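A.B. asks: Annotations for this protein, taken from TrEMBL, read as follows:
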type: TRANSMEM; residues: B:45-63; note: transmembrane segment
type: TRANSMEM; residues: B:70-94; note: transmembrane segment
type: TRANSMEM; residues: B:100-118; note: transmembrane segment
type: TRANSMEM; residues: B:125-145; note: transmembrane segment
type: TRANSMEM; residues: B:151-171; note: transmembrane segment
type: TRANSMEM; residues: B:198-221; note: transmembrane segment
type: TRANSMEM; residues: B:252-270; note: transmembrane segment
type: TRANSMEM; residues: B:291-321; note: transmembrane segment
type: TRANSMEM; residues: B:333-353; note: transmembrane segment
Amino acid sequence: MTTEPILSGRGLIKRFGKVTALDSCDFDLMPGEILAVIGDNGAGKSVMIKTLSGALQPDGGQVYVEGKPVNFQSPIDAREAGIETVYQTLAMSPALSIADNMFMGREIRKPGLVGQWFRKLDRPAMETFAREKLSELGLLTIQNINQAVETLSGGQRQGVAVARAAAFGSKVIILDEPTAALGVKESRKVLELILDVRSRGIPIILISHNMPHVFEVADRIHIHRLGRRLCVVDPKDYTMSDAVAFMTGAKEPPSEAVPA
Amino acid sequence: MPTDRNADNYESVLTGASKDVASFEGEEKGFVGRLQEMLHATPSLVPLIVLVAAIIIFGIALGSKFFSPFALTLILQQVQIVGVLAAAQSLVILTAGIDLSVGALAVLSSVIMGQFTFRYGIPPAVSVMLGLTIGTAIGAISGWLVSRVKLPPFIVTLGMWQILLAANYLYSRNETIRSQDIETEAAFLQLLGVKFQAGGATFTLGVLLMVGLVAALAYALRSTAWGRHVYAVGDDPEAAELAGVNVHRTLMSVYMLVGFICALTGWVMIGRFGSVSPAVSTGMMGNIQSITAVVIGGISLFGGRGSIVGAFFGALIVGVFELGLRMAGANPQWTWLLIGALIIGAVSLDQWIRKVSQ
């Protein structure tokens, strides 16, 4: 590939005491692709994702956005650079409404005096925007955008979290185990959402343990093992059992798939 | 083990399944379910209903003695101290904290306002400002201990309560400033006690301050980003942080505002009592009284749920019970028995309302 990666990491190192969670790990996300990240428990997937999303700061190595080196000190920094993360816990406030949650930390204020002096929120604008974004992702059947998030089902919550990321993530969307807690039907809906987001040109990093899902939607699969990138494979060339074998060390990765 | 990914076709049967996963409309739930949802959306409804019911019952039982502009506004005057403290307590409890030092801080602030004026000869208006500033600063210390040092709010404010109460006695040398002295030399300190009549009803500036404060806070909590952040932090601080809320700044602002409101309560107290005394019962009881009002008002002790208007209704309910039962000639212990039952009832109701999400 000749295009420049939109988000990449080189030689990332992260240690927790004596444990080396990231061992000079490399990472590349190309524009417009869905890159799945798979790996055994404890392989360091989550740590790598957290260094890319600003939740952790690496002890060594460098993260690049569109080729430019960046140093995220917090998830808010990464967000400002256009990288949105949907965490496994979803990071939503259950008692607040869908619209409140979508705009948490980036509320819109009313124009003019009311907004400036009384800091009044522009509820109608926020609600309209939230409704638009949910509809764009096919969550058309929302009756009440002011419904508390806790009254939604697991799949609906996931949908709102993905919609929030898709609405504001201008460059990259990171999804951490988006289908782990969901039923078959709800997982299907989230996978459709993921494909939908890609069709609008935003690349996605998908961390998942669910091989069928990974093989269905991913353009490339980053296999993580022992704190570093073992190889990147094309799901069309390999089977799920191959991937599991590489991931657990039961089989050597193909030499052509090992990154330089 | 499947060797081909197409062999794993368990989802193909889904094509026949219903597609309406993301439908947001609720199914029919019947009257009880709808009631539960309504209370979930408007948590201050319960205390309002209890308040109106209590006023009607006492009104019928006691007649015009109770149901008069004079008696009803007397309740407002009697609850003004607890009402303002409950507004402060509501803010802390919304962030899933608790503040045991509110009453002690109020008394200390009133002592500071009084002693600064009489001991150092500072103009009363400046003393009041200094009292409010010191109250805010003490709130900032509690906030910093909770937010940065990550101590449980219960522990921080339990310690702060004792410290402030002791400091209050030490600094005041256990002296009371008499009402007549304040009236002749520093009437400004009693400003919030100024009364005015409107058709049999008596209001004080302190009562207006309480109502205005509750209205302003209700607006800020509902309609500003800050208010939404307070709820989000109380709901789930980690989620709020990941979603982009500055949790530390939000907590600091809440504790500082609470310190400020407690100091304001100190000023209200001078207006209500006329004198400045380090030994008023608010120092010991203010925390429990305000927590009682907040809980009866339907604010969840687990944070993130409830409205400050509810806490105001909670304070009024206590006031109505106290005055109503006293007028009826009942033993005052009945008030506390009923309040106790109300507290347990309110918390049970809160648990039930929360189940709407399950």
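In case you wondered, yes, glycine gets a Cβ from its N, Cα and C as well.
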A.B. asks: Residues of the same chain, at least six outside the transmembrane segment (B:70-94), with any C-beta under 8 angstroms of its C-beta?
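C.D. replies: Same-chain contacts beyond the flanks: 55, 102-103, 106, 153, 200-204, 206-207, 209-210, 213-214, 217, 221, 230-231, 234, 254-255, 257-258, 261-262, 264-265, 268-269, 272, 282, 286-287, 289-291, 293-294, 297, 299-301, 303-306, 308, 311-312, 314-316, 318-320, 322-323, 327.
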A.B. asks: Who are the chain neighbours of the transmembrane segment (B:45-63) in space, where the CB to CB distance is under 8 Å and they lie at least 6 residues beyond its ends?
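C.D. replies: Those are 38-39, 72, 296-298, 310, 313-314, 316-317, 320-321, 324, 327-328, 342, 346, 349, in sequence order.
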A.B. asks: Can at least 3 Cβ pairs under 8 A be found between the transmembrane segment (B:151-171) and the transmembrane segment (B:100-118), with each pair 6 or more apart in sequence?
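C.D. replies: Answer yes: the transmembrane segment (B:151-171) meets the transmembrane segment (B:100-118) with 3 or more Cβ pairs below 8 Å.
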A.B. asks: Quick test of the contact rule: Cβ under 8 Å, at least six residues beyond the ends. What residues does that give for the transmembrane segment (B:198-221)?
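C.D. replies: Distant contacts of the transmembrane segment (B:198-221): 68-70, 72-74, 76-77, 79-80, 83-84, 87, 90-91, 94, 191-192, 227, 230-231, 261, 264, 268, 271-272, 307-309, 312.
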